[in-house]
Amino acid sequence: MKTFLTTSVLALSLATAASAEGKLSLYHWFEYIPQELLDKFAAEYDVEVTMDTFDSNEALLAALKAGKMGSYDLAVPGDYMVKIMGDEGMLDTFEPSELSNFGNIEDKWLDVDFDPGRKSSIPYQWGSTSFSVNKEVYDGPLDSLSLIFEPPAELKGKINVLDTSGETLTLASLYLGIPQCSSDREQLKQLNALVQDAKPDWASFGSDVAKDVLVSGDAAAGMIWSGFSAKARAEGAPIEYVFPKEGMIVWMDNVVLLKDAPNRDNALKFMDFLLEPENAAAVTNYAQYTAGVKGVEEFLDPEVANSPESNPPADAKGVFVEACAQDVQEMYDAIWTNLKK
Amino acid sequence: MAGGAPGGASKSEIYKGNGPKLLLPAWLFIGVFLVMPVAIMAIYSFLTKEFRGGVIWEFTLAAYDQFFLDRGLFGDEPPSIEWTYIGIFWRSIWQAGLATVLCLLIGFPTAWFIATRDVKARSVWLFLITVPYWVNLLIRTVSMKFLIRDTGPLNEFLLALGVIDTPLALVNTNFAVQLGLFYSYLPFMVLPIYAAVERYDFSMSEAAADLYASSWATLRLVILPVVKPGIVAGCILVFVPSLGAFLAPDLLGGAKTFMIGSLIEEQFKGAAGNWPFGAAASMILLTIVMGVLLVHARAQTKGER
């Protein structure tokens, strides 16, 4: 009897859930969208929203390749991953006319190399990847990637680097001034030697802990994403985010429409929803990056709008991570494995 | 009766002829959840890798070639033995082995202590051993990091006592990884040994003492043979999960070097996206674990003869 009751209650609640107008299934980064915003969309459009999360662009690709295509409507890949997914035929396209807020996209993010003409994607947030330094531990000039790759005595053994080959090897390449996806042997040997020599000075490799190690003081310097650094600062870490003279990584995360999306209409509604300045600003206030949408300024918290991490000096240089060809990528993989063997 | 069940003829008659049918659920379970995944892994390890994850259905030995043969950073040098992956495996095996020995050294006396208390006290001690394991492993590992970090309670305490002048750098060392593995898997050693010691008849120790056996000889010749199955089970239960552990190496060791677990994860989730190589590494790991278990099984049957 008890079992019967439980089953009926379960069936009832399932039935209630299914009575929402429709569904929307998101595949998103961890800690990247406020729950209130999802609730707001669900209430406004009477749509049941479900979300799974991933922790790297590569993990997103791996999950979709391993058979998750067709179960999600939208995903949020970074710039180079949009291109890879497009090349793999994983993205659906839409017409600008299908999104009433398409015109809200900032002009500079409208025609991007990774999705010319924005046929499959809209901007979500953009920011940079560089590093932050604890000013109580090191009080010298903060202007160069040498602080990570050839660190001064104060920082030796107290550095955390991101645990992804793409970000760490790209920053190393910027420091050496060699192009990304280089297949030049001398340059690759140089890159290999640089990270090999730097490794003894590094305390740890970690991406999801990048903020925590700076807050706790386990690391005195660490590669980090701009918004994560702002959050670490807000949590009390005496750190400064560095805009290195050699350059930094600039990235943009984008909402893409997946091929075989089970709820294409709701997916487009959600994209339109995210292009509303108020909603884009809600994401920015939460994640502390920068929206690629016009008119968000009036909705931003002042401390987010004025954060030093989101307002690089005019002469700061940034590059997008490039997707390398297979034979070149294999060499970078070998350098990474060699580094961690 | 062929079955020779201790219950006698009536029981074996009920089961007679129905054996295969009764085994069907077990066979189905093993087939679907054990044999099939392993078979898929085995097949994938011989396929051609697709760039950025996935496989192409062309047979090749490339994954095993990559594991065992070194052709230089650019892949054009004459092949020599590749030490990179063997080194990663060896490090993991060594670390798991050390964790097993540590767990045994602490776990055996602990189990002995508990088994020699009176019945009421025993259950309290067992309860205390298992309580921490109601908490998720990730949280326990992170807590361990909080305890031993430079500004953590352990260092603060030693500094306050004046034992040390500067904090001990414990986090991000091999010591921290060992500590994490030891702490994670200790109960897997204590519980089987406890079960074995509990069945030990202590009058045998008395008999040995009456026959002028030294306490060392009593331990070696009387106690160990009896509790050996518990020790072996405990060692396997600690060694096998330690071998694939990646939480302790990542969080406490700083992820500076690949362990078997993180190497395989990188092939599926990382930039390398090399599924056949990840599958091949899994198969090699599986072979090693099977080898350990076979040695155990052989030792068991020998012991029974």
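Glycine too: its Cβ is placed from the backbone N, Cα and C atoms.
Features reported for this protein in TrEMBL:
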type     : residues  : note
DOMAIN   : B:89-296  : domain 'ABC transmembrane type-1'
TRANSMEM : B:26-47   : transmembrane segment
TRANSMEM : B:93-115  : transmembrane segment
TRANSMEM : B:121-139 : transmembrane segment
TRANSMEM : B:176-197 : transmembrane segment
TRANSMEM : B:218-240 : transmembrane segment
TRANSMEM : B:275-295 : transmembrane segment
When counting Cβ pairs under 8 Å to the transmembrane segment (B:275-295), the leader among B:26-47, B:176-197, B:218-240: B:26-47
Beyond the flanks of the transmembrane segment (B:121-139) by 6 or more, those residues with Cβ under 8 Å of it: 110, 113-115, 184, 187, 190-191, 194, 198, 247, 251
Tertiary contacts of the transmembrane segment (B:26-47) (same chain, 6+ residues out, Cβ under 8 Å): 55-61, 63-64, 275-276, 279-280, 282-283, 286
Intrachain residues whose Cβ lies under 8 Å of the transmembrane segment (B:176-197), provided they are six or more past its termini: 95-96, 98-100, 102-104, 106-108, 110-112, 114-116, 126, 129-130, 133, 137, 140-141, 144-145, 148, 170, 226-231, 233-235, 237-238, 241-242, 245, 247-249, 251-253
